[in-house]
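Q: First the structure, then my questions, so here it is.
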């Protein structure tokens, strides 16, 4: 949990926090008020925080949401940090949080998507984190290309995406929704994802972890509006989504932009 002990009027603070719902990423604690977010993002952070060194590196978080991972990255001493997310509400959440967790104003927050990277930030970053974005893209290869071109030579990409459990080079293309999400287009097998990444130009594809999403990591709280993971799964068989697909399985990966291609 990210904690700040600044003394603030608790009633006013809580009103501001609740006005910014839903809180997807967190948790945070400000002046003893805990923002109990839908996702316990510390679980994902613990899986990727040691994937590569961030000290003195130029680092990006693509799909940064309210900045939870950016604030955690600050603890590792990067040279600079840039977050990218086109969402309006999540930027407002970041602007609310930053005075507590980025007091030196080291983080740059860009209201841009992955598709804007290669034009605005070509060959710019030593490390890019892209967590939970790829399956929302209608063209995952184009998204991977954008990430590739935004990296410096020998730069590293740390990627998290939904995957399917299959040895084949295939991807699931949900008909209408996946776990009630309308904006999920391609969920690859690990083998298919590796092929996509290699076609774009990445090398040294490494599996960091593969984990099922559980209610410990994603669940309904007072700080979100609406439903969460358990509402998206089959009531009688939690190994399946409501649509009958396999329940969410996530893969965490690291790869390198080589010096020559």
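The backbone N, Cα and C atoms fix where each Cβ goes, and this holds for glycine too.
Just so it is clear, the model here is predicted, and its values are computed rather than measured.
Marked as carboxy-S-adenosyl-L-methionine binding site by Swiss-Prot: 25, 39, 44, 63, 114, 115, 135, 250.
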Q: Please work out the number of neighbouring Cβ atoms within 10 Å of the Cβ of residue 250 (carboxy-S-adenosyl-L-methionine binding site), leaving out its own Cβ.
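A: There are 19 of them.
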Q: Sequence gap of 6 or more, Cβ distance under 8 Å: name the residues on the same chain that satisfy this around residue 135 (carboxy-S-adenosyl-L-methionine binding site), in order along the sequence.
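A: Residues satisfying the criterion: 161, 162, 184, 185, 186, 187.
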Q: Tally every other Cβ atom lying within 10 Å of the Cβ atom of residue 44 (carboxy-S-adenosyl-L-methionine binding site).
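A: Excluding its own Cβ, the number within 10 Å is 22.
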Q: Kindly assign residue 63 (carboxy-S-adenosyl-L-methionine binding site) to one of the three DSSP-derived states: helix, strand or coil.
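A: DSSP assigns residue 63 (carboxy-S-adenosyl-L-methionine binding site) to coil.
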Q: Within 10 Å of its Cβ, which one of these binding-site residues (63, 114) has the largest number of other Cβ atoms?
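A: Checking each of 63, 114, the winner is 114.
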Q: Enumerate same-chain residues with a sequence separation of six or more from residue 25 (carboxy-S-adenosyl-L-methionine binding site) and a Cβ-Cβ distance below 8 A; give 'none' if the list is empty.
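A: In sequence order, 37, 38, 39, 41, 65, 66, 68, 69 meet the Cβ cut-off.
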